[in-house]
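If you check Swiss-Prot, you get these features:
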type: ACT_SITE; residues: 22; note: active site, proton donor
type: BINDING; residues: 18, 41, 76, 77; note: substrate binding site
């Protein structure tokens, strides 16, 4: 099991919309993530900077970051693009984070 972490940026004032959309995560997206080895996925927010910190436990390679060509993922990106910083293809601007400590 591999642990992955990355950060994204939420637009100012969009915390509630972000939370509401994720509270109603599409079942087909959730299943896609599970089918591609994502067993745990958490996202935290630093409200001072609107930085989102995501953490995933994955088996296999890459987790959600390898699903960029999937139509369900692309539709989710389009759905989320108005409330967060995105690339030209509407994928979230995502910066991988290096693990510097782990305790089991």
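All residue numbers here begin at 1 and follow the chain in the order shown.
Even glycines carry a Cβ here, placed using N, Cα and C.
Residue 76 (substrate binding site) and residue 22 (active site, proton donor) have their C-alpha atoms 10 Å apart, to the nearest angstrom. Largest Cα-to-Cα span within the substrate-binding set 18, 41, 76, 77: 17 Å.
Put simply, the residue listed as 'active site, proton donor' is 12 Å from residue 77 (substrate binding site) when counted between their Cα atoms.
Each of 21, 22, 25, 29, 79, 80, 92 belongs to the same chain as 18, 41, 76, 77, is absent from that list, and has a C-beta within 8 angstroms of the C-beta centroid marking the substrate site. The separation of residue 22 (active site, proton donor) from residue 41 (substrate binding site), Cα to Cα, is 11 Å. The most crowded of the binding-site residues listed here (41, 76, 77) is 76, judged by how many other CB atoms sit within 10 Å of its own CB. Sequence-distant contacts of residue 22 (active site, proton donor), defined as residues of its own chain at least six apart whose C-beta falls under 8 angstroms from its C-beta, comprise 43. Its Cβ placed at the centre, residue 18 (substrate binding site) has 19 other Cβ atoms within 10 Å.
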